[in-house]
């Protein structure tokens, strides 16, 4: 559906040294999926996203959307392709002197729709985003979440094939963010729109995306299924993002006073719901002290993570045997101490 091939964006001018915001990125985004791009500020996420609809023209590389080499277009052909790509922003960009209905109608008028078509389409799209009762309201009368819903309505009014989302929840509180993400997922499922969403928060990616690319320093350092990225991150930067999101850090003082073997245990799928630790306690006579733990559900798959301290009153070999048993029964075991 969307192919980025060796895309780079260099903001240097004249004889200035190279200033690469995006450095040789290649991605293949499948039709109908919700694809995330995550990274910290300055990673190049927004710049990369804007190459998809050519709001930012690549310095080098190719951008194809639905088989069309959009990076080579200009003028009317480019405008026609952009009508197939909706976009929402973190700061809404609504027209303050126009009602909700007029804001949505504006994008339809710009696409050349007739008044009759607009009259039919606007109520339909406002119903989809849950704003039927706000049709006559002005942006100043809306909450942040409602403003973003108007932005979404405007972006999908012309039935785009692709919806680009530039940090759509960063200006919203947690509850409102969750509602907006649920709406985006609903739109993806109902309308089949391919969504590309960027965020600096892995929690946003976890909530709504099917696959994700991790960016830092203008490069994609890791890409894959969201569950796999959380379960087995490969790159150090990805591990840092995941660890921060899952909040598994232990106080340094606690680590200093530990006696025994400290494990971080990853449970995937059915193993996340099995009594693995109670089994080893019974079988090997070890004491199991759980210091931290949680089960996350990513999509319909369970990911359990526990930090546990294993001790035995007299036989350290029993602890080693217990660790081996846990390794067989679970996806991954990391010895943190001991």
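Just so you know, glycine gets a Cβ as well, placed from its N, Cα and C.
Annotated in Swiss-Prot:
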BINDING   39, 40, 41, 42, 43, 44, 45, 46  ATP binding site
DOMAIN    2-242  domain 'ABC transporter'
I need the neighbours of the ATP site defined by 39, 40, 41, 42, 43, 44, 45, 46. Which other residues of that chain put their C-beta within 8 angstroms of the C-beta centroid, in sequence order?
200, 215, 216
Cβ neighbours within 10 Å, counted over all protein chains: which one of the binding-site residues 40, 41, 46 has the most?
46
The mean pLDDT across the domain 'ABC transporter' (2-242) is 95
In this structure, which of the binding-site residues 39, 42, 44 has the fewest other Cβ atoms within 10 Å of its Cβ?
42
Using DSSP and three states only, what is residue 39 (ATP binding site)?
coil
Residues near residue 45 (ATP binding site) in space but at least six apart in sequence (CB under 8 A)
37, 38, 39, 198, 199, 200, 215
Specify the count of other C-beta atoms within 10 Å of the C-beta of residue 43 (ATP binding site).
24
